[in-house]
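Peer 1: The following block contains the structure, expressed as structure tokens.
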Amino acid sequence: MTRPPRPASPHTTHLARNLALLWTLLIAYASLHPMGPVRDAGGDLFGFLLAPWPRYWTRFDVIANALGYLPLGFLAVAALTPGQRRAAAFGTAVLLSCGLSVSMEVLQHFLPSRVPSNLDVASNTVGGAFGALLGLRWGALLGHGGLLARWRTRRIVRGHIGEFALLLLFLWWLAQIDPDTPLFGLGDLRGLFGLEAPVDFTERRYRAVEIGACVCAMVSVGVIGWHTMRARSLWLLGSTFGIALAVKAGSGAVLVPDGGAWLWMTPGALAGLAAGALALRVALWLPLSLRFGVAALALLAGVALVNLAPDNPYPSAVSDAWRAGHFFNFSGLTRLTSALWPYFALPYLMALQLKESRGRHAAHDHR
């Protein structure tokens, strides 16, 4: 006898669902980057599906496409299984992956720098299907009663405040892949608007920006993380930055296997980590209202520093590899995430302060 699907509870699928929606948006941006002038190339919009297999392709591109859709299949199954049978959830996830891929390829028909490909559709669908299989096995970790769901309930504040915090954290980790900004430095809008660096490069000036941007980021991200925890822990807060450094090192190792993992460890970055840890510890000692004010000021100061930073005329090997053809579309995605992240974090920081203030006033009135 087949076991009936478990009814969803209010806290069952929000995390998996939100991550699936976020990953869909990230795929859409990466698929349509760069968004040049729109033009109709002529011909049948869906003709590429029945066209011969592309003559020129690389194994790397096929694997990268599959890996890009693998999380979508996994997250879709994790979000669907509480309300659907496993077979239906798997089929829906595969259809979602295939449908999204076909839609993106059709839209590429109107972009002069992109060429629709049936090979991309096939590799994306295979990646989504493989992710869905993994979701059938391990997707319950994100579901009601799963390990990650229990951890989220125990450690992170409930409701939309907690959900948005996890999405912000995921995007912050994703932004660390971009090697063209100082460590933890986010909010650089110059690339989006074609602006030049306002000052010339000197080693001393660039190092000061590295230190300042890192300190400001650690204070602002640290205060956000501290106030989204239900059970507050310096070890857990430190692991947030540890994972970010692991992402930075891991992406460098993938891009430049020979020593790329350590190219981010400049004197300015190391000094910024030490000073940032000290500044964050001091910020957490401050009274609540002052603490949030310092965090908001640090977030804005970090954005200002990054936008005033001189261009580094000595890009690392990681930066050169990142701008190469294989990674060009993904680099646009991480650059956009890096540029916009502080502008989502600032209103969230204000919402956190409002929540904390209301909680303290309610506790005071209760006494």
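Glycine is no exception: its Cβ is also placed from the backbone N, Cα and C atoms.
Heads up, TrEMBL stuff is auto-annotated, nobody curated it.
The domain 'VanZ-like' annotation in TrEMBL covers 55-134. Residues annotated as transmembrane segment in TrEMBL: 56-80, 87-107, 127-149, 156-175, 208-227, 234-255, 261-280, 292-310, 330-351.
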Peer 1: Short question: which residues 6 or more past the ends of the transmembrane segment (292-310) have a Cβ under 8 Å from it?
Peer 2: 181-182, 184-190, 197-202, 205-206, 209, 212-213, 215-217, 219-220, 222-224, 283, 286, 342, 345-346, 349-350, 352-353, 356
Peer 1: Any chance you could find the range in 87-107, 156-175, 234-255, 330-351 with the most Cβ pairs under 8 Å to the transmembrane segment (261-280)?
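Peer 2: Out of the listed stretches, 234-255 contacts the transmembrane segment (261-280) most.
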Peer 1: Under 8 angstroms for C-beta pairs, at least 3 of them, ignoring pairs fewer than 6 apart in sequence. Is the transmembrane segment (234-255) in contact with the transmembrane segment (87-107) by that rule?
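Peer 2: Touching, no - the transmembrane segment (234-255) and the transmembrane segment (87-107) miss the threshold of 3 or more Cβ pairs under 8 Å.
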Peer 1: In this predicted model, what is the average pLDDT of the domain 'VanZ-like' (55-134)?
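Peer 2: Averaged over the domain 'VanZ-like' (55-134), the predicted model reaches a pLDDT of 91.
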Peer 1: Take the transmembrane segment (156-175) and find every residue of the same chain, 6 or more past its ends, with a Cβ under 8 Å from one of its Cβ atoms.
Peer 2: 11, 14-15, 18-19, 22, 26, 186, 221, 224-225, 228-230, 240, 243-244, 247, 334, 337-338, 341, 344-345, 348, 351-352, 355
Peer 1: May I ask for the residues of the chain that lie six or more residues beyond the transmembrane segment (330-351) and have a Cβ under 8 Å from a Cβ within it?
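Peer 2: Apart from its flanks, the transmembrane segment (330-351) reaches 26, 29-30, 33-34, 64, 161, 164-165, 168, 171-172, 174-175, 177-178, 180-181, 186-189, 191-192, 220-221, 223-224, 292, 295-296, 299-300, 302-303, 322-323.
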Peer 1: Could you count the residues of the domain 'VanZ-like' (55-134) that DSSP puts in helix, in strand and in coil?
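Peer 2: Once the DSSP states are binned, the domain 'VanZ-like' (55-134) shows 62 helix, 0 strand, 18 coil.
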